[in-house]
Amino acid sequence: MAKKATKSKKSRSSSTSAASAKNPSTPSNQKMVLRVKSSEKMKRSAQQSVVSEREKRRTSKSRPKSKQKKKNTRIDAKMPKKPPTAFFYFLEDFRKEFQEQNPDIKSMRDIGRACGEKWKTMTYEEKVKYYDIATEKRAEFDRAMAEYIKRKENGEDQETEDDSEFDE
DNA sequence: GGCGTGATTGTTGCC
DNA sequence: GGCAACAATCACGCC
């Protein structure tokens, strides 16, 4: 699984985000930029919600079943986790409603599938609140990551020995 | 008992 | 530009 290693540096780095968080001259501004940036992308993706390329990719490639997850791929337990996307926040809401209406269906496979279909039918106005939450969370994640990198550079890893408990 | 799997979309970073 | 990985969730299956 060399891919894992390669990708580990991917999600880990977020150097660009961290860099942007490094000079928080105006945090709110930064957030605004972030939000606008994402919003534009989101708009596009929402507009062409019909057939996502990802879907085509997925169907054509039939990604390996045992490819993803691996919860313990994170080398450092202290490293901030990637924030959930807008879809995931929607999924939370959707799951509650779905389970109320369909108490028999407990499998996240079915819920996820239903949620995906619903998501595609939603308008941008409906999705925007979830995008908004996700954008804020991502900003938080960027800050946390910048802090994490800073601590690491300061030689914080020495404390990793007691990483079982991170009491502040 | 504990861990992996599956199903979904969005985001991000590397090549 | 494309691709691959990971984020949450949890019942279920397997070892």
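Don't overthink the numbers, they just go from 1 along the chain as shown.
Glycine is no exception: its Cβ is also placed from the backbone N, Cα and C atoms.
As given in TrEMBL:
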type	residues	note
DNA_BIND	A:80-149	DNA-binding region
COMPBIAS	A:13-29	compositional bias 'Low complexity'
DOMAIN	A:80-149	domain 'HMG box'
REGION	A:1-81	region 'Disordered'
Counted with DSSP (H/G/I as helix, E/B as strand, rest coil), the DNA-binding region (A:80-149) has 56 helix, 0 strand, 14 coil
Suppose you look only at the domain 'HMG box' (A:80-149); what would the mean pLDDT be? 86
